[in-house]
There are 2 protein chains.
Amino acid sequence: MIDPRDFGIDNLPLGIVADDAGRARPAVAYRDLVVDLDALVHARAIDEQSLADASSLNAFLGRGPAAWTALRARLQHLLGERASAEERRAVAAASHPHGALHARMPVQVGDYVDFYSSLEHATSLGRILRPGGEPLPPNYRHIPIGYHGRSGTVVISETPIRRPAGQTKAGDAAAPEFGPSQMLDVELEMGWIAGPGNALGAPIPADAVREHVYGYVLLNDWSARDIQGWEYQPLGPFLSKSFATSISPWIVSLEALEPFRVAEPPREPEPLRYLRASQPFAYDVELDLLLLTRAMAERGDPPFHVSRTNLRGMYWTVAQQLAHVTANGATIRPGDLFGTGTISGFEPGTQGSLIERTWRGRDPLALPGGETRAFLENGDTAIVRGRAVRGDLRIGFGEVVGTIVA
Amino acid sequence: MIDPRDFGIDNLPLGIVADDAGRARPAVAYRDLVVDLDALVHARAIDEQSLADASSLNAFLGRGPAAWTALRARLQHLLGERASAEERRAVAAASHPHGALHARMPVQVGDYVDFYSSLEHATSLGRILRPGGEPLPPNYRHIPIGYHGRSGTVVISETPIRRPAGQTKAGDAAAPEFGPSQMLDVELEMGWIAGPGNALGAPIPADAVREHVYGYVLLNDWSARDIQGWEYQPLGPFLSKSFATSISPWIVSLEALEPFRVAEPPREPEPLRYLRASQPFAYDVELDLLLLTRAMAERGDPPFHVSRTNLRGMYWTVAQQLAHVTANGATIRPGDLFGTGTISGFEPGTQGSLIERTWRGRDPLALPGGETRAFLENGDTAIVRGRAVRGDLRIGFGEVVGTIVA
């Protein structure tokens with residue numbers, strides 16, 4: 001569902017769309033329209049050749065911040081009141097209603113890293129999974145903990161999510177079993193997407209965010225909690241996550257989000273020097289998690305509001321994640337995707353996963369029509385929406401949606 | 001160093017090479033020659049169009065087993081005694097000494113997974129890291145444990161390996177420090193490379209190995225043990241591994257290795273049904289780990305023989321790894337790389353890592369010239385070599401080499 005207020009002249013997020021014949025091209029979302037950037041290049045209305053005949057934004061992301069800023073300024077001119085009659089004709093010829101084109105993956109993801117940067121999420125998960133123990137691991141306040149996910153199964157919003165099968169073992173069972181996951185969960189996250197990248201062995205400093213990060217999408221890192229619990233020792237989550245990760249179609253640039261850059265939460269102890277940036281890099285983005293069951297959809301009910309949370313409270317920011325992931329000399333490449341980790345608060349109704357929201361099923365959601373949910377059932381649709389709002393200024397992300405199929 | 005005996009008519013491994021001008025093309029290693037497959041396609045000596053003007057083998061790997069077998073048969077004809085005079089001329093025109101061309105990455109790696117499939121390695125590491133505890137995690141004999149590594153830092157043999165910096169914390173220190181790793185290690189592994197792949201949600205059965213796996217390379221998964229020890233809880237190894245993973249240039253096909261397919265080691269309990277193949281998929285491949293320090297190289301010493309081991313003893317095979325990684329519906333793609341995990345035995349001199357071989361530095365290696373080593377120092381070169389041999393038949397992998405730089 002498109003909310004045209006999300007995509008005003010101050011936003012101009014980029015994506016890839018395809019027509020019914022399957023031809024993909026880069027585009028910008030503007031109000032209730034999708035404007036074909038390939039068409040604008042061929043009409044000589046814009047001069048960013050990396051967008052010509054492109055089926056992903058990787059080449060454009062590799063061009064770096066000067067090109068990003070120039071394109072944004074040019075599009076604001078073309079879509080604004082000072083465009084010439086000829087420019088307006090070019091834009092009109094390149095514009096389509098959202099429904100006429102299909103969103104595709106905006107980038108070809110090279111590597112996908114998922115962080116674990118909400119202290120509240122990590123604490124709650126520790127309490128649920130290791131009751132009585134210390135909830136946070138000892139490294140938590142020192143390291144932006146993360147791990148590599150499967151880049152080949154990052155999918156675009158609206159891709160159906162097949163319930164994964166896998167090995168699970170009940171605590172009291174003698175042996176594991178293989179079958180469909182019974183604890184299928186969401187993880188409400190955002191993801192940042194890398195720009196030009198670095199050479200092998202050349203770390204990126206925390207202050208270089210604007211040179212190396214193009215922008216953010218919404219991200220749902222689907223998780224099979226029963227598979228995760230049995231597999232994750234000692235090398236971390238694997239098949240419990242690798243079946244699918246969904247992202248929203250439109251990448252919102254850091255430049256558009258600049259008015260929403262806010263102070264970071266306090267940290268104690270102070271992080272090591274390589275994790276310190278000279279400016280704050282928290283962003284004030286409101287996020288909602290919603291759930292629509294098949295029965296609710298058949299009745300025409302609106303989605304149930306599960307949680308509301310905000311990116312701004314994350315313990316580790318994009319600057320620290322960027323510095324950390326390259327501190328050992330590892331490269332990042334244009335189009336690489338970095339999940340923030342599940343974004344949660346402690347208060348009821350602020351958690352970004354069902355395992356936290358229902359305390360592993362102890363407190364199921366009571367849905368309209370008498371249904372309850374601890375975890376996702378077949379036919380359920382999970383929706384994440386996000387936007388940054390201050391007064392009249394609204395920078396929206398749209399939504400990332402997925403429906404569970406058997 | 002090339003041993004021409006590795007690359008006889010029964011082997012014919014494929015790779016990518018570049019000339020001094022940087023132009024990359026696919027090639028086959030044959031005795032002391034590299035034969036340019038792009039040139040053979042353009043000379044119409046072979047008819048596999050996926051090799052024309054290709055800078056990776058991904059498209060060819062995607063073509064599947066019928067194309068793989070046809071190319072192998074055609075090359076055996078062209079390089080054999082029944083080739084026509086015209087065919088011999090085409091081959092001669094396409095042939096170069098190994099030293100005239102530079103090995104490049106044979107594939108563009110989409111996702112890199114590293115397994116943990118040597119029971120001996122997992123047991124020894126458990127004993128070293130958790131003395132007094134149960135060395136194997138409870139899931140070990142049920143699950144081919146693995147995790148995702150960083151595909152963007154898989155590099156070709158001979159790429160210099162920069163010593164990574166990172167966070168480490170001594171057991172008795174109050175806080176972590178940031179600096180160069182002091183426990184830089186090797187992991188002797190092999191890696192298998194995927195063929196055509198599957199659709200999202202369509203698991204690959206264990207018996208479909210030959211349809212989905214093209215072949216093997218040697219792999220060294222460089223590891224910073226001090227960074228690993230501090231970072232790996234709860235989500236697994238991350239920056240301790242992501243700075244570099246080296247592979248050998250020539251992919252040896254499963255077809256060439258077929259004579260070396262042998263019985264699998266016993267397993268108790270019997271794995272779940274999805275992990276059972278109807279044939280054995282262990283391979284009898286001898287592997288050597290060697291070390292050459294800068295002082296040894298300056299004296300002209302030969303490398304020191306650290307360990308000898310064999311792929312055949314691995315607890316989990318390629319068939320089980322393939323079935324497991326897709327059991328949840330995850331896709332694999334042509335060129336995806338899957339490390340076996342460190343290949344170790346229990347006997348001294350059979351371990352595939354220094355942390356095992358020196359028992360975390362308790363028993364340092366005594367090298368020629370009076371040097372000792374617990375872990376790698378700057379200027380050290382680690383070499384992994386491998387070959388399958390029975391009587392006159394020898395299928396060699398060549399070697400994977402890397403030198404540590406500051």
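The backbone N, Cα and C atoms fix where each Cβ goes, glycine too.
These come from TrEMBL:
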{"type": "DOMAIN", "residues": "A:11-98", "note": "domain 'Fumarylacetoacetase N-terminal'"}
{"type": "DOMAIN", "residues": "A:114-403", "note": "domain 'Fumarylacetoacetase-like C-terminal'"}
{"type": "BINDING", "residues": "A:Asp114, A:Glu187, A:Glu189, A:Asp221", "note": "Ca(2+) binding site"}
{"type": "BINDING", "residues": "A:Tyr116, A:Arg130, A:Gln228, A:Tyr232, A:Thr342", "note": "substrate binding site"}
{"type": "ACT_SITE", "residues": "A:His121", "note": "active site, proton acceptor"}
{"type": "BINDING", "residues": "A:Asp221, A:Lys241, A:Thr245", "note": "Mg(2+) binding site"}
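Positions of TrEMBL features highlighted on the structure.
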residue	record	Cβ contacts under 8 Å, 6 or more apart
A:Asp114	Ca(2+) binding site	A:Gly146, A:Tyr147, A:His148, A:Gly149, A:Glu189, A:Asp221, A:Lys241, A:Thr245, A:Phe338, A:Gly339, A:Gly341
A:Tyr116	substrate binding site	A:Ala122, A:Pro144, A:Ile145, A:Gly146, A:Tyr147, A:Gly341, A:Thr342
A:His121	active site, proton acceptor	A:Gly341, A:Thr342, A:Ile343, A:Ser344, A:Gln351, A:Gly352, A:Ser353, A:Glu356
A:Arg130	substrate binding site	none
A:Gln228	substrate binding site	A:Pro237, A:Ser240, A:Lys241
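A coil conformation is recorded for A:Thr342 (substrate binding site) in the three-state DSSP classification, outside any helix or strand. Across the domain 'Fumarylacetoacetase N-terminal' (A:11-98), DSSP classifies residues as 40 helix, 19 strand, 29 coil. Other than A:Asp221, A:Lys241, A:Thr245, the residues of this chain whose Cβ falls within 8 Å of the Cβ centroid of the Mg(2+) site are, in sequence order, A:Asp114, A:Gly149, A:Arg150, A:Glu187, A:Leu219, A:Asn220, A:Trp222, A:Ser223, A:Ser242, A:Ala244, A:Gly339. Straight-line distance linking the Cα atoms of A:Glu187 (Ca(2+) binding site) and A:Tyr232 (substrate binding site), rounded to a whole number, equals 17 Å. Under the DSSP three-state reduction, A:Glu187 (Ca(2+) binding site) is assigned to coil, being neither helix nor strand. In sequence order, the binding-site residues from A:Glu187, A:Glu189, A:Lys241, A:Thr245, A:Thr342 that place a Cβ under 8 angstroms from a chain B Cβ amount to none. Fewest other C-beta atoms within 10 Å: among the binding-site residues A:Glu189, A:Asp221, that description fits A:Asp221. Summarising model confidence by region, the domain 'Fumarylacetoacetase N-terminal' (A:11-98) averages a pLDDT of 97. Secondary structure at A:Thr245 (Mg(2+) binding site), as computed by DSSP, is strand. Following the DSSP three-state reduction, the secondary structure of A:Asp114 (Ca(2+) binding site) is strand. The residue listed as 'active site, proton acceptor' falls within a helix when secondary structure is assigned with DSSP. Other than A:Asp114, A:Glu187, A:Glu189, A:Asp221, the residues of this chain whose Cβ falls within 8 Å of the Cβ centroid of the Ca(2+) site are, in sequence order, A:Leu188, A:Leu219, A:Asn220, A:Ser223, A:Lys241, A:Thr245, A:Gly339, A:Thr340, A:Gly341, A:Thr342.
Around A:Lys241 (Mg(2+) binding site), a 10 Å sphere centred on its CB holds 28 further CB atoms from the protein chains shown. Listed in sequence order, the residues of the same chain lying 6 or more apart from A:Tyr232 (substrate binding site) and placing their CB within less than 8 Å of its CB are A:Phe238, A:Ser240.
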